C-alpha cells in the first residue's frame with residue numbers, strides 16, 4: 001500500500017494546518033491560497049486594467065451599440081450622418097419614366113419588322129428604304145435650290161426662299177438636339193443609310209420625321225392642292241415616320257418627338273417669314289426673271 005504524498009512540512013497533500021482553518025489567505029500552503037495568489041496577479045484584477053478594458057468596450061464607443069441578445073463584444077457598425085444616406089425610395093416620376101422607356105424599347109423592337117432581310121417583313125425593306133430617301137435632306141435641299149433658280153415670279157421665289165430657310169433650320173435644330181441628347185440608335189438597326197454625317201449615329205429626334213412634318217405643313221399652307229393631293233401629303237408624312245421604326249432606325253419616342261418638333265418648326269418659319277420687305281438683300285440675288 002502506497003503512502004500518501006506529503007508536502008515539505010511532512011503533512012499529507014490536500015490537508016491544511018489546523019492553525020489556518022479560517023480564511024484561505026492565512027493558509028500556509030493550501031491549494032486555495034495558491035489559487036488566490038494566482039488570481040490576484042492576473043491582469044484583470046488590476047483596477048487600472050479593468051478601467052482600460054471598460055473604456056474600450058463597444059458600449060463606450062461613439063456611434064456603436066451592442067446587439068440585442070448578443071454579448072458585449074458584438075456591436076453595430078457606426079451610423080452614417082443624415083446627409084450621407086442614400087434615399088433608396090425612388091420617386092413616382094422616376095418610376096414612370098423608366099416604365100415609359102421600357103415600353104418604348106419593347107414596342108420599337110416589335111415594330112421593327114423591316115430591320116433586316118431576315119425579319120418578318122424583310123421583303124418590304126427596299127420599299128422602306130426608297131421611302132427613306134424621299135425624306136432625306138439632300139434631295140429636298142437640291143430640289144429647292146433648283147426650283148428657286150428656275151422660278152420666274154416673285155411669289156414663287158418668296159415661297160421657295162422660305163422653304164429653303166425651313167430646311168436649313170430643320171438641319172440645324174436636329175443636329176443640335178442629337179448632339180446634346182446622344183441617344184444611340186436601336187440595337188437591331190443596320191447602318192446602311194443614304195449619306196450620313198457624324199450626328200446621324202444618334203437617333204433622337206428622327207430627322208426624317210421632323211422634315212416630313214415641316215414640309216407637309218408648309219405645303220398644305222402655301223400650295224393650292226386638290227383634296228386627294230392634300231391627303232397624299234399627310235399620308236406621306238405619317239408613313240415616312242412609321243417607316244423609321246419599321247426599318248429599325250429609330251424608337252417610337254424619336255418619331256413622336258420628331259412630329260412635334262417639325263410641327264413647331266413651321267411655326268417659327270411662319271413667324272420669321274422672309275419677304276422682299278423683310279429681307280430685300282436675299283431677293284435681289286434672284287431678281288432676274
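Every residue, even glycine, has its Cβ placed from backbone N, Cα and C.
Feature list (source: Swiss-Prot):
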type	residues	note
ACT_SITE	208	active site, proton donors
ACT_SITE	250	active site, nucleophile
MOD_RES	23	phosphoserine
MOD_RES	30	phosphoserine
MOD_RES	64	phosphoserine
REGION	1-81	region 'Disordered'
REGION	178-186	region 'Phosphatase sequence motif I'
REGION	205-208	region 'Phosphatase sequence motif II'
SITE	254	site 'Stabilizes the active site histidine for nucleophilic attack'
TOPO_DOM	1-126	topological domain 'Cytoplasmic'
TOPO_DOM	148-158	topological domain 'Lumenal'
TOPO_DOM	180-222	topological domain 'Cytoplasmic'
TOPO_DOM	244-254	topological domain 'Lumenal'
TOPO_DOM	276-289	topological domain 'Cytoplasmic'
TRANSMEM	127-147	transmembrane segment
TRANSMEM	159-179	transmembrane segment
TRANSMEM	223-243	transmembrane segment
TRANSMEM	255-275	transmembrane segment
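When the stretches 127-147, 159-179, 223-243 are ranked by Cβ pairs under 8 Å to the transmembrane segment (255-275), first place goes to 159-179. Using a 10 Å Cβ-Cβ cutoff, the residue listed as 'active site, nucleophile' registers 29 neighbours. With respect to their backbone Cα atoms, the residue listed as 'active site, nucleophile' and residue 208 (active site, proton donors) stand 10 Å from each other. Cα to Cα, residue 208 (active site, proton donors) and residue 254 (site 'Stabilizes the active site histidine for nucleophilic attack') are separated by 10 Å. Same-chain neighbours of the topological domain 'Cytoplasmic' (180-222): 105, 108-109, 112, 115-116, 129, 132-133, 135-138, 140, 159, 162-163, 166-167, 170-171, 173-174, 230, 233-234, 236-237, 240-241, 244, 247-251, 253-255, 257-263, 265-266, 269-270, counting only residues six or more beyond its ends whose CB sits under 8 Å from a CB of the stretch.
Residues 100, 104-105, 107-108, 111-116, 121, 124-125, 128-129, 132, 183, 185-186, 188-190, 193, 203-206, 208-209 of the same chain lie 6 or more positions beyond the ends of the topological domain 'Lumenal' (244-254) yet place their CB under 8 Å from a CB of it. Non-local neighbours of the transmembrane segment (159-179) in the same chain are 137, 140-141, 144-145, 147-148, 151, 197, 199-200, 202-205, 207, 210-211, 214-215, 218, 222-223, 261-262, 265-266, 268-269, 272-274, 279, 282-283, 286; each lies 6+ residues outside the stretch with a CB under 8 Å from one of its CB atoms. The Cβ of residue 254 (site 'Stabilizes the active site histidine for nucleophilic attack') has 183, 203, 204, 205, 206, 209, 244 as same-chain neighbours under 8 Å, each 6 or more residues away in sequence. Of all Cβ atoms in the protein chains displayed, 29 besides its own lie within 10 Å of the Cβ of residue 208 (active site, proton donors).
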